[in-house]
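Working notes for the structure below.
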Amino acid sequence: IMALGNGSFTTQFILMGLTDQPDLQLPLYFLFLGMYMVTVMGNLGLIILIGLSSHLHTPMYFFLFNLSFIDLCYSSVFTPKMLINIILYFFSFFGISECYVLTSMAYDRYVAICNPLFYNIAMSSKVCSSLVLGSYLMAVLDATTLITCMMRLTFCDANTINHYLCDIHLLLQLSCTSTHIIELEVFIVGGINIIMPSLTIFVSYGLILSNILHISSTDGRSKAFSTCSSHIIAVSLFFGSSAFMYLKPPSVSVDDGKISSVFYTNVVPMINPLIYSLRNKDVKLALRKTLRMGRF
């Protein structure tokens, strides 16, 4: 940490961590170590499995491949020794990318259930690549916008962040200059990246539900619901915790914000591969085939 004198500015920050209670630090260390190991093994396993299994080379698993890649990177961003702008940029980039990849997956399920005869045309390799590329471009644009906002701030004496990550809202609280305009810009960017994908997903599943209710057979309805259930769980956890964190009222405590951020930075990347593998027959079949091949 740089020494501060009269007229000097803060360029480095101290992260206080998730808790300052000594009796909780060791259990939390092993908890998050275990979660990170599961996250890495689960997402890396899905990436390898989808890459090796030719029958998983479909639009749904193309998006799942990218989601696993994002989750793997997203959970690996938080390294305090890195420069603060690098942490903040990739934190924003991977978080925004996940919003739009989850939205693309909802569109994929909509086409698969509501327009199955046109699925191969509507979800061609070119369309899938364009959707994923668009997700990453939106993330680059919005993350760059947020970082540009942060670079306009001035930090004086305060450099202690009561959190385990460098979050935008926490940096705004430390600034010794007016932040009203920047807070509005951050709220708009955050609102766009949460509300627009959420509305798109909501409309997609509204149309899917309407279509499912018109299916006469019980088995058909059950199969359709099963196809969407994994994605609905992942979307609910990610967007629910993100909305609570970035659209919350000022009265919400810092500790509640920490718990919420744990969900979308640690819990969601860990359970996504479990949700999409344990509840998916295609993934289970591909895993058994891969394991059999590995024995010979």
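Here the Cβ of each residue, glycine as well, is placed from N, Cα and C on the backbone.
Feature annotation from TrEMBL assigns transmembrane segment to 28-52 (among others).
As annotated by TrEMBL, domain 'G-protein coupled receptors family 1 profile' applies to 42-276.
Look at TrEMBL and you will find 59-77 (among others) tagged as transmembrane segment.
If you look up TrEMBL, you'll see 83-105 (among others) marked as transmembrane segment.
The transmembrane segment annotation in TrEMBL covers 117-141 (among others).
The transmembrane segment annotation in TrEMBL covers 187-212 (among others). Listed as Cβ neighbours of the transmembrane segment (187-212) (distance under 8 Å, sequence separation of 6 or more from its ends, same chain) are residues 96, 99-100, 102-103, 106-107, 109-110, 113-114, 138, 142, 145-146, 221, 224-225, 228, 232, 235, 239, 242-243, 246-247.
Summarising the annotation, TrEMBL assigns transmembrane segment to 224-247 (among others). Distant neighbours of the transmembrane segment (224-247): 95, 98-99, 102, 105-106, 109, 112-113, 169, 187, 190-191, 194, 197-198, 201, 205, 208, 211-212, 215, 257, 260-261, 263-264, 267-268, 271-272, 275-276, 279-280; these residues of the same chain sit at least 6 beyond its ends, with a Cβ under 8 Å from one of its Cβ atoms.
For the transmembrane segment (259-278), same-chain residues at least 6 beyond its ends with a Cβ under 8 Å from one of its own Cβ atoms are 18, 32, 35-36, 38-39, 42-43, 45-46, 64, 67-68, 71-72, 74-75, 78, 95, 163-165, 167, 230, 233-234, 237-238, 240-242, 244-245, 248, 284, 287. Residues or ranges marked as transmembrane segment in TrEMBL: 259-278 (among others).
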Checklist line | Long-range Cβ neighbours of the transmembrane segment (28-52) (under 8 Å; 6 or more residues past either end) | finding: 18-19, 61, 64-65, 68-69, 71-72, 75-76, 266-267, 269-270, 272-274, 276-277, 283, 286-287, 290
